Amino acid sequence: MEKFAIFGNPIHHSKSPIIHKLFAKQIGLQIEYRKKLVFKNQLQKKIHQFFYSENGNGLNITTPLKGYAYKIVHKLTNRAKLCGSINVIKLKNKMLFGDNMDGIGLIMDLKKYLITQKKIIKILIIGAGNASRSAIVSLLQYPVKIILVNRTYDKSKKISYLFHKTKKIQSKRIEEVQKPEYDIIINATSSGMFGKVPKISPKIFDKFVFCYDMFYKYLENTPFIKLARKYGVLQHSDGIGMLVWQAAFSFKFWTGKMPNAKSILKEIREKNKRLFNP
């Protein structure tokens with residue numbers, strides 16, 4: 001029996017145990033996967049306890065602990081260094097290794113919208129936290145022009161400066177964004193967790209844009225998707241696909257085995273909505 005867990009605060013809403021147990025069943029692996037409420041001042045102690053005392057095999061880290069966990073592990077992948085945060089940890093040769101699978105999870109879910117005939121894909125990202133930075137790291141592999149906005153302009157400015165040498169990203173004040181000129185709009189804020197929407201002009205929406213919310217709800221659209229639909233958006237998605245894909249890459253990081261994420265995602269979306277009923 002292999003032991004996995006996810007640490008976060010809040011944590012009651014997490015569907016990671018469901019997803020990872022489906023992966024394990026798919027490949028015939030016996031696992032235990034628990035969700036644990038952990039405060040940031042407990043994080044180092046809890047991580048060490050999980051791996052060194054409880055013989056844990058792998059950890060996921062979720063909001064708001066990803067940046068703190070980044071500073072605790074011994075080794076980081078190049079991707080994690082660019083992200084400045086981690087969401088997955090494993091123990092190897094008595095050392096803690098950290099990586100960030102959020103961006104690659106997003107890319108796998110967005111792939112058909114990124115491989116197009118367009119020379120440049122114009123993307124608006126709302127939010128300047130860890131989720132946003134992780135998304136940017138992976139999106140920059142594509143022919144994109146990213147506009148980054150946040151309610152606090154200085155935060156978006158700092159993130160865009162980190163990647164300014166790519167010449168693919170620019171920060172703007174949120175009130176400057178007033179036109180429907182984007183191919184993709186990504187909500188990377190946590191506003192949906194509180195039943196709210198980011199303070200963005202509805203003028204950015206039209207029937208041609210694809211809207212993506214990195215947050216997800218169970219049996220209904222997120223507040224951001226509801227807002228986008230209200231103003232004419234026809235193509236949209238929540239973050240369940242990203243959640244499943246990042247989980248699949250986490251699973252591979254721990255076990256060396258890549259589950260069939262497509263089939264699990266289909267099962268969750270079409271057949272097992274009750275699994276996600278809170």
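Yeah, the Cβs are placed from backbone N, Cα and C, and that goes for glycine too.
Note that TrEMBL annotation is computational and uncurated.
The average pLDDT the prediction assigns to the domain 'Shikimate dehydrogenase substrate binding N-terminal' (6-89) is 97. Sequence annotations record features per position, and here TrEMBL assigns domain 'Shikimate dehydrogenase substrate binding N-terminal' to 6-89.
What TrEMBL lists as shikimate binding site is S14, K15, S16, T62, N87, D102, Y216, Q246. Counting Cβ atoms from all protein chains shown, Y216 (shikimate binding site) has 19 others lying within 10 Å of its own Cβ.
In the three-state DSSP scheme, K66 (active site, proton acceptor) falls into the helix class. For K66 (active site, proton acceptor), the count of additional Cβ atoms within 10 Å of its Cβ stands at 27 [all protein chains shown]. Summarising the annotation, TrEMBL assigns active site, proton acceptor to K66.
What TrEMBL lists as domain 'Quinate/shikimate 5-dehydrogenase/glutamyl-tRNA reductase' is 119-191.
Annotation source TrEMBL lists NADP(+) binding site at N150, R151, T152, Y153, D154, K155, M214, G239. Note on R151 (NADP(+) binding site): other Cβ atoms within 10 Å of its Cβ, all shown chains, come to 16.
TrEMBL lists 239-268 with the feature domain 'SDH C-terminal'.
With a threshold of 8 Å between CB atoms, the same-chain residues lying at least 6 positions outside the domain 'SDH C-terminal' (239-268) that come near it are 2, 4, 15-16, 19-20, 22-23, 26-27, 29, 57-58, 60, 87-88, 90, 99, 101-102, 104-106, 108-109, 212-216, 275-276. Neighbour count (other Cβ atoms within 10 Å of the Cβ, all protein chains): 16 for K155 (NADP(+) binding site). The candidate set comprises the binding-site residues S14, S16, T62, T152, Q246. Of these, Q246 has the most other Cβ atoms within 10 Å. In this structure the residues listed as binding NADP(+) are N150, R151, T152, Y153, D154, K155, M214, G239; their two most distant Cα atoms lie 26 Å apart.
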